[in-house]
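Copied from TrEMBL, the annotated features are:
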type	residues	note
TRANSMEM	21-41	transmembrane segment
DOMAIN	26-477	domain 'Major facilitator superfamily (MFS) profile'
TRANSMEM	61-79	transmembrane segment
TRANSMEM	91-117	transmembrane segment
TRANSMEM	123-145	transmembrane segment
TRANSMEM	152-175	transmembrane segment
TRANSMEM	181-200	transmembrane segment
TRANSMEM	220-241	transmembrane segment
TRANSMEM	253-272	transmembrane segment
TRANSMEM	293-316	transmembrane segment
TRANSMEM	328-349	transmembrane segment
Amino acid sequence: MESQTSPANMPAKPNNALHGIRLWVVIGGMMLGVYLVGLDLTMLSTIVPPLTDYFGTINDVSWYETAYVLAVCVFIPLVGRIYTIFPNKPVYISFLIIFEVGSIICAVSTSSHMFIIGRAVNGIGSAGLLSGVLLIIFAICAPSIRPVVTSFAMSLISVGAITGPLIAGALTHSVTWRWCFWIFLPLGGAVMAATLPIPIPEQSAKPPLREAFTGLHKKLDAVGFVIFAGLTTMLLLALTWGGGQQFDWSSPTIIGLLCGAAGLTAVFALWVRRAGDDALIPPSSLRRRAVSVGSVVMFLQGGATQMIPYFLPFWFQAIHGDSPLESAIHMLPSLISNIIALITFGALVRRFHYIPPWAIAGSALASVGSGLLATFGPETTTGQFVGYQIVTTIGRGMAFQPVVSVQEEVPAEEAATGLAVVNLFMNLGTAVAISVSQTIFQSYLPGLLAEYAPETDAGSVLRAGATNIRDLVPADHLPGLLVAYNKALTQMFPRPHYENDGGSPNIEGIRFDDMNPESLSIPFPTPRLASVALNAIAVDKELSPLVRRSFTLDRANPPSSGPAQDDQANESVLRVEYRATTNRMLRVATNSFMESLSLVLEVMEKMDVGALEGTKGAKEDGTKP
């Protein structure tokens, strides 16, 4: 499959990188911002029991998570448009403030409905934080360190997700559940302190503020946002409520939501086609292989990656008999190996300039690890659950590289949208994976309980949670309950295996080209002659199509409207640029050809430019000049 974004068509990234202490201060703030997002993902699971006790209801529990996920997924595409139009730092700080406001609302909530509103506001802030971090890393980091910094940022999502229940449990036990949200205020303040004093460059030119607000509803595609919000809400509600959690999959409510989501998806597709590049998700962005293939990979890999920190603690607490603190400690192999893998293979991507080899191998390794996790049981040893976690998470870290691909391959002016699209599919993949896995668990558990622990009520087991199921039955009935619960849990662990198998062929669609192509820019005496030279190359049948596509006119500094002052001014205006391919022999041969061509054309320019144009025309019709 031929890339639609050949090296010749890829604009060079602006050299806006920060340096020295300012760079590392901003990076530190960005890393803390990502950690906040990861922390907020899983803290809720620990504090649901005290929340239901305080609010006096369990009817709204599903909304505590649904409101957050809905807000994140609905607002991510809009966030991409906002970052495209407005400066990075003010937008990032604004979303950080929104996140903090949501935390305050949750911390002071006096009712379940107030808490749900706070979670929704939290979600809006999170949508802007993660996209902003990836975009700011793109803007401030030199290409030599960008993949490593990006990989470390992505690893901190897992760090936050794994440590979230531990921190929430400690705060709830020692103080109150409200401190699980108050803690975000000083952490958010530290992020602001790191970013506010330092100028943050833009990844591309932004319009003046007054111009940016002119026709803002069209620039943000308000119509597309409303349609997208509707379809996303229907889809996620169906996934959250279905599978017996509130409704059966065959219930009219779930069928209606799924049909509505499908209908609005068709409407949104038609709207995107009509709006073109002014759409909420521009077609030009989706046509870029790094974005389209990366989105599919992140949909599959994102869901598989988040299932480990989400569901493995259930196994440790229910089957292994761990406390929440002990389960967090036993998750450290996943945490440490994930960080090491992401950073290591991010560095290898930068060193060798390729993504697919590591990502494909990582998907295969993660598939093996997922299969090993499915063998967990009451008799599983410490060495087994440590080793299996390491195998799985190293594979995940190797495969989790599409964000780096987008940063390297997408033009700077489209980076915000491209990163937002990939981020959207990662979050959708997580929501779908967790919903489907919960459905699998709840579908298998009643039948397994009837087989191994017939005296135990499935509803009581589901309501008890992982830490309390051992108190539901007498000691002599506990082994049967644990066998049934273990079999239901491990039914979910092979699912990432299928997602990795689906992700591997899609990873192959990511460009195999050198991510750090060298370039040879040859100056020409006049812009006209450079254009003629490019046309001559384009029709030269002796050159391979790959070589012909590697030439482009560099119009980064267009000529002024007035006449050129001298030849040197012309030379600095227009060049024929060659971006080297990964074939070293081809690179040497083509560079030599370009140097020779430049000299020949300079001589012919002095003699007769028309003769060269005649040569070009002769090549086109196959006659001799």
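Easy rule for this one: first residue shown is 1, then count along the chain.
The backbone N, Cα and C atoms fix where each Cβ goes, glycine too.
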**OP:** Would you confirm whether the transmembrane segment (253-272) and the transmembrane segment (293-316) meet the contact rule of 3 or more C-beta pairs below 8 angstroms, pairs 6 or more apart in sequence?
**Re:** no
Original post:
What stretch of 21-41, 61-79, 123-145, 152-175, 181-200 shows the most Cβ pairs under 8 Å to the transmembrane segment (220-241)?
Top reply: 61-79
Original post:
Can you name the far-off residues of the same chain, 6+ from the ends of the transmembrane segment (123-145), with a Cβ under 8 Å from a Cβ of it?
Top reply: 13, 16-18, 23, 26-27, 30, 33-34, 36-37, 40, 67-76, 79-80, 82-83, 88-89, 91-92, 94-102, 153, 157, 200-203, 350, 403, 407-408, 412, 415-416, 419-420, 423, 516
Original post:
Taking a Cβ cut-off under 8 Å, which residues six or more beyond the ends of the transmembrane segment (152-175) line up next to it in the same chain?
Top reply: 30-31, 34-47, 50, 130, 133-134, 137, 183, 305-306, 309-310, 313, 324-325, 327-328, 331-332, 334-335, 338-339, 342-343, 346, 393, 397, 400, 403
**OP:** Return the stretch with the most CB pairs under 8 A relative to the transmembrane segment (91-117), choosing among 61-79, 181-200, 328-349.
**Re:** 181-200
